[in-house]
Amino acid sequence: MVWRLVLLALWVWPSTQAGHQDKDTTFDLFSISNINRKTIGAKQFRGPDPGVPAYRFVRFDYIPPVNADDLSKITKIMRQKEGFFLTAQLKQDGKSRGTLLALEGPGLSQRQFEIVSNGPADTLDLTYWIDGTRHVVSLEDVGLADSQWKNVTVQVAGETYSLHVGCDLIDSFALDEPFYEHLQAEKSRMYVAKGSARESHFRGLLQNVHLVFENSVEDILSKKGCQQGQGAEINAISENTETLRLGPHVTTEYVGPSSERRPEVCERSCEELGNMVQELSGLHVLVNQLSENLKRVSNDNQFLWELIGGPPKTRNMSACWQDGRFFAENETWVVDSCTTCTCKKFKTICHQITCPPATCASPSFVEGECCPSCLHSVDGEEGWSPWAEWTQCSVTCGSGTQQRGRSCDVTSNTCLGPSIQTRACSLSKCDTRIRQDGGWSHWSPWSSCSVTCGVGNITRIRLCNSPVPQMGGKNCKGSGRETKACQGAPCPIDGRWSPWSPWSACTVTCAGGIRERTRVCNSPEPQYGGKACVGDVQERQMCNKRSCPVDGCLSNPCFPGAQCSSFPDGSWSCGSCPVGFLGNGTHCEDLDECALVPDICFSTSKVPRCVNTQPGFHCLPCPPRYRGNQPVGVGLEAAKTEKQVCEPENPCKDKTHNCHKHAECIYLGHFSDPMYKCECQTGYAGDGLICGEDSDLDGWPNLNLVCATNATYHCIKDNCPHLPNSGQEDFDKDGIGDACDDDDDNDGVTDEKDNCQLLFNPRQADYDKDEVGDRCDNCPYVHNPAQIDTDNNGEGDACSVDIDGDDVFNERDNCPYVYNTDQRDTDGDGVGDHCDNCPLVHNPDQTDVDNDLVGDQCDNNEDIDDDGHQNNQDNCPYISNANQADHDRDGQGDACDPDDDNDGVPDDRDNCRLVFNPDQEDLDGDGRGDICKDDFDNDNIPDIDDVCPENNAISETDFRNFQMVPLDPKGTTQIDPNWVIRHQGKELVQTANSDPGIAVGFDEFGSVDFSGTFYVNTDRDDDYAGFVFGYQSSSRFYVVMWKQVTQTYWEDQPTRAYGYSGVSLKVVNSTTGTGEHLRNALWHTGNTPGQVRTLWHDPRNIGWKDYTAYRWHLTHRPKTGYIRVLVHEGKQVMADSGPIYDQTYAGGRLGLFVFSQEMVYFSDLKYECRDI
């Protein structure tokens, strides 16, 4: 027993030194790459094998490579086993291209090989690099990238590359070279799923990705449950087997039977034969290494045998070890029925028995015997005919069978034995080639240049023989020939003459002279050894041989520039004067083009801009802030055709302004300096040169901006960034605006309870109980919660003896609320002319039902031009002029006055149309008079800051003075609107949940742009707010109104009103005026006959949101009826009416509108006149 264990140890020890153990023949690539559920970018899923995780990779830059030690083992085994198997279960995304396995390095972007499933091409590509040359082998129609699970087996063995999907062989191909012999592990990295580029990463799921060695493809498929259809043939020994595959130290001398063959032409290319020689050289080295290893193992075994004493029969004698048994020298034994082996000098030599042909049709095989035998008697040959010739071999290549037959006369003989004999036959070896695509050979060297000088061509070729396409493989793609230009030495160029020059002028005009001409040898010049031109460079001849006549022009009788003609008799005549002169040719005078063509040069004033010269003319440069040409010419024709054109500069149009990218360039005209201004777009604030974000749309940025020097307006950080407060009031200077400060005066009393919000009064004393503290009450002892102070002297109207401050006590003042020291009262009704709504008609009650500022006693509502002023009070009754501008105060409005400033210069020629300047002084000649330069209406507000630069009655936006118009004045259901004024009239807040009402300003407009910020600072109620324009009376105006939610008005009389959410544009033309009818018609979204007509309603029905800032912009052009309403939410357009045309009213006043909605902020209000 001990002896057997020793022998077993001797057998195992050398075998374990020769290669890897079984556990090293299969590598789990996920395991040796340390890929698990914690790996960044690897998502774990459930695959077909529930016991093993499947992975999808999303971050390929985090995929770890195979462990370096394992990679070294893998590359070593690949070289030893001459290939590998890659098995995996995969689910590849449809039509994607993904890498299964790749080995890269030693460089950063260098790859040694990769296996890629190319979904778009439906191929499995094996790409490998040898000596910098890229090789690609593709298996076609693989069907992997279809988003279905596949069980794949990729085999790279020897020179074969094949793919099994499931149990089916899909395709196989021959490799040009065994690339695995060149693989390097040092400084290299092996990756699963990671491609060389982003588009080559594997997209899908992977499971059970293994590299397998030692096994055959049949074993691997068998483990996967596949049936072995030809398993017996794989290991069978045929007659063509040249050497038996035995143990590592067992040799064989068996050579199968040979058959005579005719010489065949070599079907292999030179490159293939070269590869074969290279492989044989490598095999020779490997065999030598194995032989040396085997000798060392034998020596080690001999030493062990001597050490332990060895078996008696084998000691000091030759012996062989085979199949766990010892055989003595020259001992012969039977391996199987057809193989015998003999021990000779420690080597086992085996022989295969060759069987003779059977002499019968159905030979029998006896157990234990190798060859078949025929069972018949010796006397069976009697009666048979001679054997026929052998048939053709049953196969065309490889091993097959042949038969021959004989006949017997059974009437006279028993004829024992077979009538047919069978024997084996062996033809030429079968063609085992597989389909392969053609490949180009290397390019041949370039040929010599096709010319010896100048430009020629060189050519190189390549052949489609590396390899040659076979078995239906594809031909090479591309051209087999390349040609490119080559440059030889320059060729010699002979010189040639240029054409003769024209003849020179004759040296004399008569009596014979000389003229000459020349030529040059430059067409071309002689170069590179070429010949020079042959002939003369110069040629001469006689000229003007006639006799000289008497010349009357020798005395220069004509004006310079006029042609003189002489005659044989000595007389002469002069031609016409030169261009730019007038005369008979003898005497010529300068032509004054500037006087004859007065509009040659551009002119904006009386200053001449055309300069006459002798001869000709030229224009001065265009005036400042104009650009154009500067003609220069001679003669009347040039003056008529080459006129000067100067156009005003427009930096906004020319894109030469320096406004911020989020600002709008506004052109002010070429007379202004600067000619434009910059305004930040909605959602931004700043000085226009720099703009920052403005969340609450009140014109102040969220953060401080670094604006230009001394430009602080709209550049300082908003002190209430989430609540519109365009005035930025901050009474206590704590950096928090009053609008969002809970205690504006820091007296410890919150604003909601403070009776003096802007004055420190912690004691809250209020003597008159009007909820206004004594410290801030302008009438501390008189109840006056409204705190009205008409003359702004600090004393409230309720306790003032002179409300308007005109030094006339109230009880004697016929206009107690209007300053009028003269106390004029034309109609004697006790109401002074300054405040009388009918100054020429006696009406002491001053009733004004339609709120148009014209008393009912004198209001006839006859207005032929629809500008809001009845004909007998309109200063241009037949021309619409809602603003009633009259700068010379002559009672005739500017719209119909041919001389607005009454300076004697008609408007169409007046360089200051609105300012008296009869001298029309314009020093810079730009067409704008000096007296109105940069301030056209002379109101002391520069045009760049003037909201109406052509109306001195309006200079800035101001709603501090407004008319409150209740639209439903009767009843006590709700209270009237309560308006709070901020920011010098540029911000109004309506605090009450009120009846419909308007706060309308007193400025009147024709064409106008009106914008403002809308904000509801409460979550209570959901009704209407908006603005009015074109206001002429409480029965005639346009209104833009916005409802938060759809709602039916709670009073269904006199008409039922349905209000839909969203922005509406309506025109009011009420026959009843203020009251219930107009109230319900305003609430209703749609048309109400005799009251309201809806021009547009936002089809998206988007209502306003609580605590959200919106910015509206109105454009109104009464001459064309153009109306457009634009509403922004932040920087985005929320509603846009687009162009709406309506000419019901030709202008009017602007105002703000509310209907049953409290805490509405109207901030950063801005109106601007547009002279259109």
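Cβ atoms here come from the backbone N, Cα and C positions, even for glycine.
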Of the cysteines CYS476, CYS548, CYS553, which is paired with CYS510 in the disulfide recorded by Swiss-Prot?
CYS548
With the disulphide bonds as Swiss-Prot has them, who is the partner of CYS876, out of CYS896, CYS912?
CYS896
Just choose from CYS574, CYS577, CYS610 the cysteine that Swiss-Prot connects to CYS594 via a disulfide.
CYS610
Under Swiss-Prot's annotation, the disulfide partner of CYS464 is which of CYS453, CYS476?
CYS476
Measure the Cβ-based neighbour count of ASN1069 (N-linked glycosylation site), defined as the other Cβ atoms within 10 Å of its Cβ.
14
Considering Cα atoms only, can you say which of ASN151, ASN330, ASN584, ASN1069 is the nearest neighbour of ASN457 (N-linked glycosylation site) among these glycosylation sites?
ASN151
Residue pair ASN1069 (N-linked glycosylation site), ASN151 (N-linked glycosylation site) - Cα distance, angstrom, rounded:
83
Going by DSSP, is ASN584 (N-linked glycosylation site) part of a helix, a strand, or coil?
coil
How big is the gap, in Å, between the Cα of ASN151 (N-linked glycosylation site) and that of ASN330 (N-linked glycosylation site), rounded to a whole number?
52
For the repeat 'TSP type-3 5' (824-846), find every same-chain residue at least 6 residues outside the stretch whose CB is under 8 Å from a CB in it, and list them.
813-815, 817-818, 853-858
List the Cα distance (Å, whole number) between ASN330 (N-linked glycosylation site) and ASN584 (N-linked glycosylation site).
148
Which number gives the other C-beta atoms within 10 angstroms of the C-beta of ASN330 (N-linked glycosylation site), all protein chains shown included?
10
Let me spell it out: for each of the glycosylation sites (ASN151, ASN457), count the other Cβ atoms within 10 Å of that residue's Cβ, using every protein chain shown. Which one has the most?
ASN151
Helix, strand and coil residues within the repeat 'TSP type-3 5' (824-846) as assigned by DSSP:
0 helix, 0 strand, 23 coil
In DSSP terms, helix, strand or coil for ASN330 (N-linked glycosylation site)?
coil
